[in-house]
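Per TrEMBL, these features apply:
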DOMAIN    1-99  domain 'Calponin-homology (CH)'
DOMAIN    117-225  domain 'Calponin-homology (CH)'
DOMAIN    239-347  domain 'Calponin-homology (CH)'
Amino acid sequence: MRWVNYHLERAGTQRRLHNFTSDIVDSEIYTHLLHQIAPNGSGVTLSPLGVHGNVPRAGAMLDEAEKLDCREFVTATDVAAGNYKLNLAFVANLFNKHPNLPDPGADEVVEDVIEETREEKTYRNWMNSMGVDPYVNWLYADLQNGVVIFQLYDIIRPGMVTWKRVVRTFHKLRGMMDQIQNCNYAVELGKQLRFSLVGIQGKDIYDGNQTLTLALVWQLMRAYTLSVLAQCTQSGDSLPADKDIVAWVNEKLKNSGKSTSIRSFQDPAISDGKVVLDLIDAIKPNVIDHSLVKSGKSNEDKMSNAKYAITCGRKIGAKIYALPEDIVEVKPKMVLTVFACLMARDYLPDMKQGAASAPIVPMINGN
(Lines of atoms letter the chains of each structure in order from A and count residues from 1; the text may use other names and numbers.)
(Lines give C-alpha, C1' and ligand atoms only; values in the text may rest on other atoms or scores of the structure.)
Protein backbone atom coordinates (compact mmCIF):
# COMPACT_ATOMS: atom_id res chain seq x y z
CA MET A 1 0.00 0.00 0.00
CA ARG A 2 2.77 2.42 0.88
CA TRP A 3 4.37 1.88 -2.51
CA VAL A 4 1.06 2.60 -4.27
CA ASN A 5 0.45 5.71 -2.17
CA TYR A 6 4.02 6.87 -2.77
CA HIS A 7 3.30 6.94 -6.51
CA LEU A 8 -0.18 8.43 -6.08
CA GLU A 9 1.36 11.32 -4.18
CA ARG A 10 3.95 11.81 -6.91
CA ALA A 11 1.16 11.75 -9.49
CA GLY A 12 -0.51 14.70 -7.76
CA THR A 13 -3.84 12.97 -7.13
CA GLN A 14 -5.71 13.23 -3.83
CA ARG A 15 -6.69 9.56 -3.96
CA ARG A 16 -4.99 7.14 -1.54
CA LEU A 17 -5.15 3.37 -1.22
CA HIS A 18 -6.40 2.00 2.10
CA ASN A 19 -7.50 -1.48 1.00
CA PHE A 20 -7.49 -3.80 -2.01
CA THR A 21 -11.27 -4.07 -2.26
CA SER A 22 -13.57 -1.04 -2.24
CA ASP A 23 -10.81 1.49 -2.92
CA ILE A 24 -9.95 0.04 -6.31
CA VAL A 25 -13.35 -0.90 -7.77
CA ASP A 26 -13.51 2.29 -9.87
CA SER A 27 -9.98 1.68 -11.32
CA GLU A 28 -8.98 5.32 -10.79
CA ILE A 29 -6.13 4.49 -8.42
CA TYR A 30 -4.85 1.84 -10.81
CA THR A 31 -5.02 4.24 -13.74
CA HIS A 32 -2.95 6.87 -11.94
CA LEU A 33 -0.51 4.22 -10.69
CA LEU A 34 0.07 2.75 -14.16
CA HIS A 35 0.62 6.18 -15.65
CA GLN A 36 3.10 7.06 -12.91
CA ILE A 37 5.23 3.88 -13.06
CA ALA A 38 5.19 3.52 -16.86
CA PRO A 39 8.57 3.94 -18.59
CA ASN A 40 8.89 6.77 -21.08
CA GLY A 41 7.60 5.78 -24.49
CA SER A 42 5.35 2.99 -23.22
CA GLY A 43 2.22 4.80 -24.38
CA VAL A 44 0.34 4.45 -21.09
CA THR A 45 -2.29 7.19 -20.69
CA LEU A 46 -4.97 8.36 -18.27
CA SER A 47 -7.73 7.76 -20.83
CA PRO A 48 -9.58 5.16 -18.67
CA LEU A 49 -10.60 8.00 -16.34
CA GLY A 50 -12.98 9.18 -19.05
CA VAL A 51 -14.74 5.80 -19.37
CA HIS A 52 -18.11 5.44 -17.62
CA GLY A 53 -18.99 2.38 -15.55
CA ASN A 54 -16.68 0.41 -13.25
CA VAL A 55 -16.38 -2.69 -15.44
CA PRO A 56 -15.76 -0.82 -18.74
CA ARG A 57 -13.30 1.49 -16.97
CA ALA A 58 -11.51 -1.53 -15.48
CA GLY A 59 -11.26 -3.03 -18.96
CA ALA A 60 -9.74 0.18 -20.30
CA MET A 61 -7.32 0.28 -17.37
CA LEU A 62 -6.21 -3.29 -18.09
CA ASP A 63 -5.60 -2.32 -21.70
CA GLU A 64 -3.13 0.24 -20.35
CA ALA A 65 -1.61 -2.41 -18.05
CA GLU A 66 -1.10 -4.64 -21.08
CA LYS A 67 1.26 -2.01 -22.50
CA LEU A 68 3.48 -2.77 -19.49
CA ASP A 69 3.03 -6.54 -19.88
CA CYS A 70 1.13 -6.54 -16.58
CA ARG A 71 -2.38 -7.64 -17.44
CA GLU A 72 -2.09 -10.90 -15.47
CA PHE A 73 -4.11 -12.09 -12.45
CA VAL A 74 -7.29 -10.00 -12.77
CA THR A 75 -10.15 -9.44 -15.17
CA ALA A 76 -12.19 -6.27 -15.41
CA THR A 77 -14.92 -7.99 -13.39
CA ASP A 78 -12.43 -8.95 -10.65
CA VAL A 79 -11.31 -5.34 -10.31
CA ALA A 80 -14.86 -3.97 -10.25
CA ALA A 81 -15.89 -6.63 -7.70
CA GLY A 82 -12.97 -5.79 -5.39
CA ASN A 83 -11.48 -9.30 -5.31
CA TYR A 84 -8.85 -8.96 -2.56
CA LYS A 85 -6.47 -11.79 -3.42
CA LEU A 86 -6.43 -11.18 -7.17
CA ASN A 87 -5.96 -7.44 -6.79
CA LEU A 88 -3.13 -8.00 -4.31
CA ALA A 89 -1.46 -10.28 -6.86
CA PHE A 90 -1.99 -7.67 -9.59
CA VAL A 91 -0.29 -4.94 -7.54
CA ALA A 92 2.54 -7.25 -6.49
CA ASN A 93 3.20 -7.98 -10.16
CA LEU A 94 3.27 -4.27 -10.96
CA PHE A 95 5.75 -3.68 -8.16
CA ASN A 96 8.00 -6.53 -9.27
CA LYS A 97 8.08 -5.42 -12.91
CA HIS A 98 7.95 -1.63 -12.60
CA PRO A 99 8.84 -0.45 -9.07
CA ASN A 100 10.08 2.91 -10.40
CA LEU A 101 11.92 3.68 -7.17
CA PRO A 102 15.16 5.52 -8.01
CA ASP A 103 15.89 6.23 -4.34
CA PRO A 104 17.13 3.07 -2.57
CA GLY A 105 15.63 4.36 0.67
CA ALA A 106 12.18 4.28 -0.87
CA ASP A 107 12.71 0.64 -1.80
CA GLU A 108 13.37 -0.13 1.84
CA VAL A 109 10.10 1.54 2.80
CA VAL A 110 8.21 -0.71 0.41
CA GLU A 111 9.88 -3.82 1.79
CA ASP A 112 8.67 -2.84 5.26
CA VAL A 113 5.11 -3.02 4.01
CA ILE A 114 5.30 -6.06 1.78
CA GLU A 115 7.19 -8.32 4.17
CA GLU A 116 5.23 -10.04 6.92
CA THR A 117 5.76 -8.31 10.26
CA ARG A 118 6.80 -10.22 13.36
CA GLU A 119 3.39 -9.56 14.92
CA GLU A 120 1.58 -10.90 11.87
CA LYS A 121 3.77 -14.00 11.81
CA THR A 122 3.09 -14.69 15.49
CA TYR A 123 -0.67 -14.45 15.01
CA ARG A 124 -0.58 -16.57 11.85
CA ASN A 125 1.50 -19.29 13.50
CA TRP A 126 -0.85 -19.31 16.47
CA MET A 127 -3.90 -19.73 14.25
CA ASN A 128 -2.32 -22.57 12.30
CA SER A 129 -1.32 -24.30 15.55
CA MET A 130 -5.02 -24.33 16.40
CA GLY A 131 -5.64 -26.48 13.34
CA VAL A 132 -7.81 -23.99 11.45
CA ASP A 133 -8.90 -24.83 7.92
CA PRO A 134 -7.91 -23.46 5.49
CA TYR A 135 -4.30 -22.95 6.50
CA VAL A 136 -3.50 -19.25 7.02
CA ASN A 137 -0.78 -18.14 4.61
CA TRP A 138 -1.47 -14.39 4.51
CA LEU A 139 -3.26 -12.97 7.53
CA TYR A 140 -5.50 -10.40 5.87
CA ALA A 141 -6.53 -12.31 2.76
CA ASP A 142 -7.20 -15.57 4.61
CA LEU A 143 -9.39 -13.92 7.27
CA GLN A 144 -11.39 -12.01 4.67
CA ASN A 145 -14.39 -14.34 4.64
CA GLY A 146 -14.53 -14.84 8.42
CA VAL A 147 -14.47 -18.65 8.35
CA VAL A 148 -11.13 -18.98 10.17
CA ILE A 149 -12.25 -16.44 12.77
CA PHE A 150 -15.36 -18.49 13.55
CA GLN A 151 -13.22 -21.58 14.12
CA LEU A 152 -11.13 -19.65 16.63
CA TYR A 153 -14.24 -18.46 18.47
CA ASP A 154 -15.45 -22.05 18.62
CA ILE A 155 -12.14 -23.09 20.21
CA ILE A 156 -12.20 -20.24 22.72
CA ARG A 157 -15.79 -20.89 23.73
CA PRO A 158 -17.28 -24.06 22.21
CA GLY A 159 -20.85 -23.63 21.06
CA MET A 160 -20.89 -19.85 20.85
CA VAL A 161 -20.92 -19.81 17.03
CA THR A 162 -24.31 -20.34 15.41
CA TRP A 163 -22.97 -22.12 12.36
CA LYS A 164 -26.28 -21.82 10.51
CA ARG A 165 -25.53 -18.10 10.23
CA VAL A 166 -22.12 -18.72 8.68
CA VAL A 167 -21.74 -18.83 4.89
CA ARG A 168 -18.95 -21.26 3.97
CA THR A 169 -19.47 -21.63 0.22
CA PHE A 170 -19.20 -18.42 -1.75
CA HIS A 171 -20.77 -17.82 -5.15
CA LYS A 172 -19.47 -15.24 -7.59
CA LEU A 173 -22.55 -13.01 -7.62
CA ARG A 174 -23.09 -12.85 -3.84
CA GLY A 175 -19.57 -13.67 -2.70
CA MET A 176 -18.62 -10.19 -1.55
CA MET A 177 -21.85 -9.59 0.39
CA ASP A 178 -21.75 -13.04 2.02
CA GLN A 179 -18.17 -12.51 3.18
CA ILE A 180 -18.98 -9.09 4.65
CA GLN A 181 -22.02 -10.64 6.35
CA ASN A 182 -19.75 -13.26 7.91
CA CYS A 183 -17.34 -10.59 9.11
CA ASN A 184 -20.19 -8.59 10.63
CA TYR A 185 -21.17 -11.68 12.60
CA ALA A 186 -17.54 -12.19 13.65
CA VAL A 187 -17.48 -8.66 15.09
CA GLU A 188 -20.80 -9.35 16.83
CA LEU A 189 -19.32 -12.44 18.51
CA GLY A 190 -16.30 -10.45 19.61
CA LYS A 191 -18.58 -8.00 21.39
CA GLN A 192 -20.22 -10.95 23.17
CA LEU A 193 -16.77 -11.77 24.55
CA ARG A 194 -16.39 -8.11 25.55
CA PHE A 195 -13.66 -7.39 23.04
CA SER A 196 -12.85 -3.73 22.49
CA LEU A 197 -14.10 -3.30 18.93
CA VAL A 198 -15.09 0.36 18.84
CA GLY A 199 -15.08 1.57 15.25
CA ILE A 200 -14.50 -1.90 13.80
CA GLN A 201 -17.03 -3.19 11.28
CA GLY A 202 -17.19 -6.39 9.30
CA LYS A 203 -16.20 -4.57 6.14
CA ASP A 204 -12.92 -3.54 7.76
CA ILE A 205 -12.00 -7.21 8.14
CA TYR A 206 -13.16 -7.95 4.59
CA ASP A 207 -11.11 -5.03 3.27
CA GLY A 208 -8.01 -6.32 5.05
CA ASN A 209 -7.62 -3.17 7.15
CA GLN A 210 -4.32 -3.92 8.88
CA THR A 211 -4.80 -1.95 12.09
CA LEU A 212 -8.37 -3.09 12.75
CA THR A 213 -7.76 -6.70 11.73
CA LEU A 214 -4.76 -6.92 14.05
CA ALA A 215 -6.85 -5.43 16.87
CA LEU A 216 -9.40 -8.23 16.52
CA VAL A 217 -6.81 -10.99 16.09
CA TRP A 218 -4.84 -9.89 19.15
CA GLN A 219 -7.98 -10.05 21.28
CA LEU A 220 -8.74 -13.51 19.91
CA MET A 221 -5.28 -14.76 20.90
CA ARG A 222 -5.52 -13.09 24.29
CA ALA A 223 -8.94 -14.63 24.92
CA TYR A 224 -7.63 -18.05 23.94
CA THR A 225 -4.60 -17.75 26.23
CA LEU A 226 -6.72 -16.59 29.16
CA SER A 227 -9.34 -19.27 28.49
CA VAL A 228 -6.66 -21.94 28.76
CA LEU A 229 -5.53 -20.33 31.99
CA ALA A 230 -9.11 -20.20 33.28
CA GLN A 231 -9.47 -23.91 32.57
CA CYS A 232 -6.24 -24.72 34.39
CA THR A 233 -7.16 -22.61 37.42
CA GLN A 234 -10.72 -24.00 37.37
CA SER A 235 -12.15 -20.49 37.40
CA GLY A 236 -14.94 -21.33 34.98
CA ASP A 237 -16.07 -18.45 32.80
CA SER A 238 -14.15 -15.88 34.82
CA LEU A 239 -11.05 -14.95 32.84
CA PRO A 240 -8.05 -13.78 34.88
CA ALA A 241 -7.29 -10.06 34.76
CA ASP A 242 -3.81 -8.76 33.92
CA LYS A 243 -3.26 -7.77 37.55
CA ASP A 244 -4.05 -11.32 38.68
CA ILE A 245 -1.32 -12.72 36.44
CA VAL A 246 1.19 -10.10 37.63
CA ALA A 247 0.32 -10.90 41.25
CA TRP A 248 0.79 -14.62 40.62
CA VAL A 249 4.17 -14.06 38.95
CA ASN A 250 5.47 -12.04 41.90
CA GLU A 251 4.10 -14.44 44.49
CA LYS A 252 5.61 -17.43 42.70
CA LEU A 253 8.99 -15.71 42.48
CA LYS A 254 8.91 -14.60 46.13
CA ASN A 255 7.90 -18.04 47.43
CA SER A 256 10.80 -19.56 45.50
CA GLY A 257 13.32 -17.17 47.01
CA LYS A 258 13.88 -15.17 43.82
CA SER A 259 14.81 -11.50 43.99
CA THR A 260 13.21 -10.58 40.67
CA SER A 261 9.68 -9.20 40.23
CA ILE A 262 7.56 -7.24 37.74
CA ARG A 263 5.28 -4.23 38.11
CA SER A 264 3.39 -4.78 34.87
CA PHE A 265 3.79 -6.32 31.44
CA GLN A 266 5.57 -3.11 30.41
CA ASP A 267 8.21 -3.32 33.13
CA PRO A 268 11.67 -2.65 31.61
CA ALA A 269 13.07 -5.28 33.99
CA ILE A 270 11.56 -7.95 31.73
CA SER A 271 13.92 -6.99 28.91
CA ASP A 272 16.93 -9.04 30.04
CA GLY A 273 14.88 -12.24 30.26
CA LYS A 274 16.02 -13.06 33.78
CA VAL A 275 12.60 -12.75 35.39
CA VAL A 276 11.19 -15.24 32.88
CA LEU A 277 14.07 -17.64 33.54
CA ASP A 278 13.57 -17.26 37.31
CA LEU A 279 9.88 -17.99 36.92
CA ILE A 280 10.57 -21.14 34.91
CA ASP A 281 13.05 -22.22 37.57
CA ALA A 282 10.39 -21.61 40.23
CA ILE A 283 7.85 -23.69 38.32
CA LYS A 284 10.23 -26.57 37.63
CA PRO A 285 13.55 -26.43 39.50
CA ASN A 286 16.76 -27.62 37.86
CA VAL A 287 15.54 -27.02 34.30
CA ILE A 288 17.60 -23.84 33.95
CA ASP A 289 21.33 -24.20 33.42
CA HIS A 290 22.43 -21.02 35.16
CA SER A 291 25.82 -21.13 33.48
CA LEU A 292 24.02 -20.25 30.24
CA VAL A 293 22.31 -17.17 31.67
CA LYS A 294 23.99 -13.92 30.60
CA SER A 295 24.32 -10.69 32.56
CA GLY A 296 21.74 -9.01 30.34
CA LYS A 297 23.69 -5.77 30.05
CA SER A 298 24.06 -5.88 26.26
CA ASN A 299 21.42 -6.44 23.62
CA GLU A 300 23.19 -9.66 22.63
CA ASP A 301 22.98 -10.93 26.22
CA LYS A 302 19.30 -10.00 26.44
CA MET A 303 18.50 -11.81 23.21
CA SER A 304 20.44 -14.88 24.35
CA ASN A 305 18.52 -14.99 27.64
CA ALA A 306 15.17 -14.46 25.90
CA LYS A 307 15.82 -17.29 23.44
CA TYR A 308 16.89 -19.57 26.27
CA ALA A 309 13.81 -18.63 28.31
CA ILE A 310 11.41 -19.46 25.50
CA THR A 311 13.22 -22.74 24.80
CA CYS A 312 13.05 -23.74 28.47
CA GLY A 313 9.44 -22.61 28.78
CA ARG A 314 8.42 -24.81 25.88
CA LYS A 315 10.55 -27.64 27.26
CA ILE A 316 8.52 -27.77 30.48
CA GLY A 317 5.27 -27.74 28.50
CA ALA A 318 4.26 -24.08 28.29
CA LYS A 319 2.68 -23.31 24.92
CA ILE A 320 4.53 -20.05 24.29
CA TYR A 321 3.77 -18.20 21.03
CA ALA A 322 5.85 -15.08 21.64
CA LEU A 323 9.26 -14.57 20.09
CA PRO A 324 12.53 -13.64 21.86
CA GLU A 325 12.33 -10.13 20.40
CA ASP A 326 9.00 -9.61 22.18
CA ILE A 327 10.69 -10.15 25.54
CA VAL A 328 13.75 -8.02 24.76
CA GLU A 329 11.60 -5.17 23.43
CA VAL A 330 9.03 -5.70 26.23
CA LYS A 331 6.02 -5.91 23.94
CA PRO A 332 3.25 -5.94 26.58
CA LYS A 333 0.75 -7.93 24.54
CA MET A 334 3.16 -10.76 23.86
CA VAL A 335 4.74 -10.58 27.33
CA LEU A 336 1.27 -11.17 28.77
CA THR A 337 0.95 -14.40 26.79
CA VAL A 338 4.36 -15.60 28.03
CA PHE A 339 3.44 -15.22 31.69
CA ALA A 340 -0.11 -16.50 31.17
CA CYS A 341 1.18 -19.65 29.46
CA LEU A 342 3.70 -20.22 32.26
CA MET A 343 0.96 -19.71 34.83
CA ALA A 344 -1.20 -22.27 33.03
CA ARG A 345 1.73 -24.68 33.04
CA ASP A 346 2.16 -24.23 36.79
CA TYR A 347 -1.43 -25.29 37.34
CA LEU A 348 -0.80 -28.52 35.41
CA PRO A 349 1.89 -30.20 37.53
CA ASP A 350 1.47 -33.53 35.82
CA MET A 351 2.68 -32.13 32.47
CA LYS A 352 5.99 -33.69 31.50
CA GLN A 353 8.96 -32.28 29.70
CA GLY A 354 8.42 -32.28 25.98
CA ALA A 355 4.66 -31.89 26.30
CA ALA A 356 4.77 -28.54 24.56
CA SER A 357 3.72 -30.17 21.32
CA ALA A 358 0.49 -31.47 22.85
CA PRO A 359 -2.33 -29.03 22.16
CA ILE A 360 -4.13 -27.49 25.14
CA VAL A 361 -7.79 -27.15 24.29
CA PRO A 362 -9.80 -24.79 26.49
CA MET A 363 -13.08 -26.16 27.73
CA ILE A 364 -14.95 -23.02 28.67
CA ASN A 365 -18.70 -23.14 28.54
CA GLY A 366 -21.09 -20.28 28.88
CA ASN A 367 -23.20 -17.82 26.97
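Placed from the backbone N, Cα and C atoms, the Cβ positions cover glycine too.
In this model, the domain 'Calponin-homology (CH)' (239-347) carries an average pLDDT of 94.
When DSSP labels each residue, the domain 'Calponin-homology (CH)' (239-347) comes out as 69 helix, 0 strand, 40 coil, counted as helix, strand and coil in that order.
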